[in-house]
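So the structure is just underneath, and the comments pick up after that.
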Amino acid sequence: MALFTINRYLGEEEEEDSEKQSRSKALLAKLQKQVKARGQQSVSNTPKEEEEQQDDKEHKKRKHKLQETKGKIKKSESVQNTDPTEEADSSVKKKKKRKKSLSTEDVIVKIEENESENEKSVDITGPTPSSPVQFKAEKAEELTSSSQSNYQVLGGFKEKDVQKVKRVLPQWLSQPDVIQKDIKSNLIPISEVPGICPTLLRKLQTNGIQSFFPVQAEVIPAILESVGSGLLVGPGGYRPRDVCVSAPTGSGKTLAFVIPVVQALSKRVVRQVRALAVLPTKELAQQVSNVFSAYTEGSSLKVVMITGQKSFAAEQTALSEIRGGVSHSMADIVVATPGRLVDHINKNSSFSLQHLRFLIIDEADRMIDSMHQSWLSQVTKAVYSTPGETHTSVFRRTVPGPITAASLSPPQIPLQKLLFSATLTQNPEKLQLLDLHQPRLFSSTHSLTDNPAQSQDTFHFPQGLSEYYVPCTFSKKPLIILHFLLRLKFSPALCFTNSREGAHRLYLLVKLFGGVEVAEFSSKLSPGERQKTLKDFEKGKIPLLISTDAAARGIDINGVKCVINYDAPQYIRTYIHRVGRTARAGKAGLAFTFLLKVQEKRFLKMVSDAGSPGIQKQHVHPEALKSMESRYEQVLAELGTIVKEENEKKRF
């Protein structure tokens, strides 16, 4: 026994028990009335059915009594075995269990007890329900509904359509300055574009340019407007807006920034690095450097390229020289790759970006992806570092903050970013890395806010491009390429693979097969070898060039009539840049993609979602390849031997 008795307040529970008893009595009276009503309406049962019902009721009563006796015995045994200290808690738990709703078995037992009482008060010989099981089920339903009447039943809600969440883009992204896609029908004479100086107009005519493409006609005046007040200040003394350009490959983006930058720097007096163009590959940097050199020829402006093709010391000499113990810049415009640029910022003390006015980022989507090198943050740090200058220096630069009267006095040289890409991202996390200032977007598509389901990247396909996909098996891919070159005469053709090893194996296979000149273009080759290969391909000496994505990104290769995706690209950006090597400057071009059966569904959906004007199916009948199969099998055996020998050489 417990040492102290604890009287617990159980008033609410006792009140609930009394309420339940009164409720059951009312329900019993209601059931009796229903039995009388049904007895008057239904047809009287036969004596045999009545006997069966009576036997069924007695059987259930005996079964119920047996269960009750067993339960009492178990309870008595459990009470004897329990500790005295647990008696108070167990009694409270028993009372709490009474609050639970009645189970269906208990309800049926109550119905049977009510029926036995009804037999005494109701004439059994009268008509009863047609089925005792149906009668019990109805009673059970009534009892359960009455026992749960105190609880609020949830449900009955109308299904509503889920409202889609629309992306909310910044105004500069959602409302860009629209550029016409059709190049041929929107050519503008160079004399009609305002702001270009006569010297550059003559230079353009000398280089055979009589008209500007739509991108050039829109972007050149916008950049020239930002330098209308000179290099030291922006329009009205404010910092100029950054410029972003999203246009198809081959639409003339390079000339769109070369012309205004050269004109803006043509009036400079002291030579300093005032324009920096950063590009992802050495070949693309070489191409941009050549364009800058073509339009600075005959002027005092100097263009220097730092991509690692020369030694670090040679590049250091080209960038600056020491005269009278003082370092002097030898470059006005620097064209660089990110890795080499970071090397000069950290290791070349005479390399200064303190006077930088234009930061040009070409192939901006790929440059954003390479931010892990932190090249942009290091460039910004180098621009606003002022070693050896006092706080009262006229040309000192500080990191720009909020626009206030104090921050604008005294004025400082602004840094303007110029971004160019065929696949400009709309991902806010990536754009945040660029730290753009009130950017102005020039795009060949309209606002994207009307289509919230569209991806976060905007893609532009060349106007004259015809796209096809070729269903095939893995073993038939080389045969189809040979069929295209030898039978259909699709040349010059640029073929893309997903790996450097794949490009090399395909190159060896086509070379062993014979009948067509082939070359490979990958990072495996030296810069000199790649430059020579490109020149031979442009001259028509090589009808088939097999390349990787990294090597050919953004390069303007003249005369490419056909692009073949030997390996299907995994990402839409890769596909856009591959097919962008043809159909450039408004010309026509073909693009073929070899697809395995498992790749078709995903690839076609990816291209369709990106806004492709339409990709068609191109069948290659097996009969067209049979004549080459015997020679192809011999070549495969030879290829296996050559690859094995090359792998053995790599080990030693």
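Here the Cβ of each residue, glycine as well, is placed from N, Cα and C on the backbone.
Among the features that Swiss-Prot reports, ATP binding site is placed at Ala247, Pro248, Thr249, Gly250, Ser251, Gly252, Lys253, Thr254, with the record citing sequence analysis. Within its own chain, Thr254 (ATP binding site) has Gln287, Val288, Val291, Asp362, Phe420, Asp556 as residues 6 or more apart in sequence whose C-beta sits under 8 angstroms from its own.
Residues annotated as compositional bias 'Low complexity' in Swiss-Prot: 25-34.
Positions annotated as compositional bias 'Basic and acidic residues' by Swiss-Prot: 66-77 (among others).
Marked as compositional bias 'Basic and acidic residues' by Swiss-Prot: 107-122 (among others).
Sequence annotations record features per position, and here Swiss-Prot assigns domain 'Helicase ATP-binding' to 234-442. Along the domain 'Helicase ATP-binding' (234-442), the predicted structure has mean pLDDT 88.
Residues or ranges marked as domain 'Helicase C-terminal' by Swiss-Prot on the basis of sequence analysis: 480-626. In terms of DSSP helix, strand and coil, the domain 'Helicase C-terminal' (480-626) has 67 helix, 28 strand, 52 coil.
The feature region 'Disordered' is assigned by Swiss-Prot to 1-145.
If you look up Swiss-Prot, you'll see 212-220 marked as motif 'Q motif'.
When the motif 'DEAD box' (362-365) is classified with DSSP, helix, strand and coil residues number 2 helix, 1 strand, 1 coil. According to Swiss-Prot, the motif 'DEAD box' annotation covers 362-365.
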Counting only residues 6 or more past its boundaries, what in the same chain has a CB within less than 8 Å of a CB in the motif 'DEAD box' (362-365)?
244, 253-254, 257, 277-280, 284, 288, 419-425, 434, 457, 553-554, 573
List nothing but the one residue from Pro248, Gly250, Gly252 whose Cβ has the fewest other Cβ atoms within 10 Å; the candidates are the binding-site residues.
Gly252
Taking the centroid of the Cβ atoms of Ala247, Pro248, Thr249, Gly250, Ser251, Gly252, Lys253, Thr254 as the ATP site, which other residues of that chain lie with their Cβ within 8 Å of it, listed in sequence order?
Phe213, Val215, Ala422, Arg584
Under DSSP, is Thr254 (ATP binding site) part of a helix or a strand, or is it coil?
helix
I'd like the Cβ neighbour count for Ala247 (ATP binding site), meaning other Cβ atoms within 10 Å of its Cβ, all protein chains included.
26
